[in-house]
Amino acid sequence: MRLTISNESNNQILSVDISESMTLEDFQAYIQAEFDISPQDQSLKHNGKPLSGSDKSLEDLGLNNDDLVLLGKTSVGSTTASSGSSVTANSNNSNAVDFQIEAMRTQFLSNPQLNSQLRQSNPQLHSTLNNPSEFKNSVIGSLQQFQNGATPGSYNPQQQEQLSRLQDNPDDPESQSRILEMIRQERIDENMQLAYEIAPESFTSVNMLYINIKVNGVLVQAFVDSGAQSTIISPKLADKCGISRLIDRRFVGEARGVGSQKIEGKIHSVPIAIGDSDTHIPCSFIVIDTHVDLLFGLDMLRRHKCVLDLERDVLVVGGNIETKFLHESEIQANPFLPGVAGSSASAGGTGGTFGGQGIALGSNSAENNNVTSSIVPANSTPDTTKQKAPNAAANAAVKRQDTGNSSSKFSESDIKQLVSLGFSKQEAIFALEQSQGNVEVAASLLFQ
């Protein structure tokens, strides 16, 4: 038969299918398993009458299908024991809270980033870090305020008064807009509070990735930026490393990212050593006068099959060279620290574009034929460089018309040499035009 058991202490209801021949003693044992109440503490009532007689079957006690049995507690000793258990549980909970608060205090003391964040967000609590008892009292006080509703998302009396006035005239569009704005701000504050609790590290600054690199034997610190299209070096650092004489001024142009900066040229190949490795690998640089002396961009990361292993905090180059990313304290001049001015055109930019009818750094597609640019050939006159470049459509049309004539300027062997690298004849001729007939420079342009 089916019986419904209702626990009067917590209003819990349980429906069970049991046999009519089950004794009351077995029924009480079943209830103990379901409700965790011992048979001695059980008070069972059916139709307002207590059930008694542990050896009697439920059928003999008058229980029928779909009857209701009320379960209550009658033992005073049980109540006392329960109270004692409650006190013990509260004591254990208190000890657990104390342990968590002390662990949090220790974490704040051992983690400089969290310590700095606490100093900015809650100076009063930060001042108690070195005093465990004061810190505990402050945290408990904050928790009590939070439980009482004094959360960042709750309304202060002034806001509550304003909300009441707005609700007095709910049909006014301005009032509705203001109420929606207050609700939206409350949700934002709640979301921010949630982020504080589950991901406090998101409110601290993230260290940028720097590595040690030897350029022409000179040890420098390079900023690793997988979002930058090209590897960049400043003229000052190029001079310091003794490679400024290798700057090819024919690659003058403009780098466009968040802003724009002048490209002073390109260094085609310089041996560099990553970290403490003695293995040298070739590296090319775009020369830009920027606040980042050396930026290790995506072109070299791809070329040397680099892996940014953030779990181990290392840069893996070519599968066999590893170097640790520098700690913030090891970075000699960090331009990304607050208050350090710098250009926005280098780090994180999309690379540069060369001029005239030129091509974009990092691409060899046909669409580059339409890119407006400002390459200044070495033998150009000042008047020539001041002429305005035609628009993209005109450039493309002129180039298509002059392709046949341009091919006669260059030897067929030079064109075939570039075509054998996987490029079309038009791209090969176009690159030769930009490099003034220099096959090596043209190949470098096509591979960018």
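Note: Cβ is positioned from N, Cα and C throughout, glycine not excepted.
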Annotated stretch (region 'Disordered', per Swiss-Prot) among the listed ranges 106-139, 378-411: 378-411
As a quick check of your reading of DSSP, tell me how many residues in the domain 'Ubiquitin-like' (1-78) are helical, how many are strand and how many are coil. 18 helix, 28 strand, 32 coil
What are the DSSP helix, strand and coil residue counts for the domain 'UBA' (409-448)? 27 helix, 0 strand, 13 coil
